[in-house]
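As written in Swiss-Prot, here are the features:
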- Lys213: active site (ACT_SITE)
- Ala5, Val6, His7, Phe8, Gly9, Gly10, Gly11, Asn12, Ile13, Gly14, Arg15, Gly16: NAD(+) binding site (BINDING)
Amino acid sequence: MGKKAVHFGGGNIGRGFVGEFLHESDYEVVFVDVMDSIIDALQGASSYKVTEVSNEGEHTKTVTNYRAINSKHNLDQVISEISTADVVTCAVGPNILKFIAPPIAKGIDARTIERPLAVVACENAIGATDTLHKFVKENTDPSRVESLSSRARFANSAIDRIVPTQDPDSGLDVKIEKFYEWVVEKTPFGEWGHPDIQAILWVDNLDPYIERKLYTVNTGHATAAYYGYNMGKKTIYESMSDEKIRGHVRDALSETSTLIVDKYGIPAQEQRKYVDAIVARISNPHLEDVVERVGRAPLRKLGRKERFVGPASQLAERGKKVDALLGAMEQALRFQNVLEDDESFELAKILKTESAEDATAKLTGLESDHPLFARVVERVAKVQKGPK
């Protein structure tokens, strides 16, 4: 019997990153989603194309050997597929993990295969698989929780690949950056060994990879988006072509680099090279990306462990400079009432109805005695006063 992977999330990352590499590693991929349009399209086509874009041009691959299930209508089938799968992955967004946990828990509980299921969440969030693991445990019969590790092993991952705005007529086909990084911790698999997925770099300690990626790629990308949005730019390329915005991005990444170098002992020169590569990637004209898309979900992006507050809070605790990160946070706070982005409307409401202190606590999760708190309050109060 061939290898099988169940993947939650039929979106661009699911099809164009995770699905592509599972296919190339000879897995049959079972896509699971609640969106009728995506599932209907996947069920109606025997293949789709992934076009990798770089400065050297484009290269197209074809993905086949997949099926698709609508979990809204066929949850029992999803559970059955998980019970016989080798791997479960997801790219659904951190806020959706709690909704996919019940069928995963049921599928794991129904397993009779000796080898434990490998579960890897592919989300832009620190410890996303740990979060999913917690939800799975909450949805497992208490008498079966202790033996859960005999049926499934959960490993955190760090993913890095830019998916630009897609052509509205592209259907299932995905245009995606050629560069990628998919790093997964191997320790949880213990004596069983990790699953065979060629694209993955398996490591003992994931923390440096997760924070370096989140606090460089995501911090840089979001900084360009928020400054660009507030300065009337349409795309990230346009934003990064503006010397002022490029300088703001560089300054923010200089601060996050201080943290990465100090905390993990990564050589400063190596981190500088990494930053240069990231700045070049997000400035790529072939990956033209709309600022509203990159900036969407500002509430999540202003969160405690996220791309701004995460590094800034740790730097403040170390007594280091955070001016550029505070500037980027201020721009994120100004990302309000953006069409088709519910969080931007909620952000506007919070800033209108709450005091600066209460809004800061609610948005960032910072404690009032944290060394960063008062400095964020200043920025929140400034934004509440209106346009800069």
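FYI, residue positions are counted from 1 along the chain as it appears here.
Glycine is no exception: its Cβ is also placed from the backbone N, Cα and C atoms.
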Inset, instruction - Quick one: pull the CA-CA distance for Ala5 (NAD(+) binding site) versus the residue listed as 'active site', whole Å only. - result: 26
Inset, instruction - Check the binding-site residues Gly9, Gly11 for other C-beta atoms within 10 angstroms of each C-beta and report the one with the most. - result: Gly9
Legend entry - Protein Cβ atoms within 10 Å of Lys213 (active site), excluding its own: 20
Legend entry - Neighbour tally for Ile13 (NAD(+) binding site), based on other Cβ positions within 10 Å of its Cβ: 23
Inset, instruction - Round to a whole number and give the Cα-to-Cα distance in Å for the pair Gly9 (NAD(+) binding site) and Lys213 (active site). - result: 22
Legend entry - Rounded Cα-Cα span from Lys213 (active site) to Arg15 (NAD(+) binding site), Å: 21
Inset, instruction - Using Cβ-Cβ distances, find the residues under 8 Å from His7 (NAD(+) binding site) that belong to the same chain and are at least 6 apart in sequence, listing them in sequence order. - result: Gly14, Val18, Gly19, Leu22, Val29, Val30, Phe31, Val32, Val88, Thr89, Cys90, Ala91
Inset, instruction - Give the number of CB atoms, excluding that of Ala5 (NAD(+) binding site) itself, located within 10 Å of its CB. - result: 26
Legend entry - Rounded distance in angstrom between the Cα atoms of the residue listed as 'active site' and Ile13 (NAD(+) binding site): 16
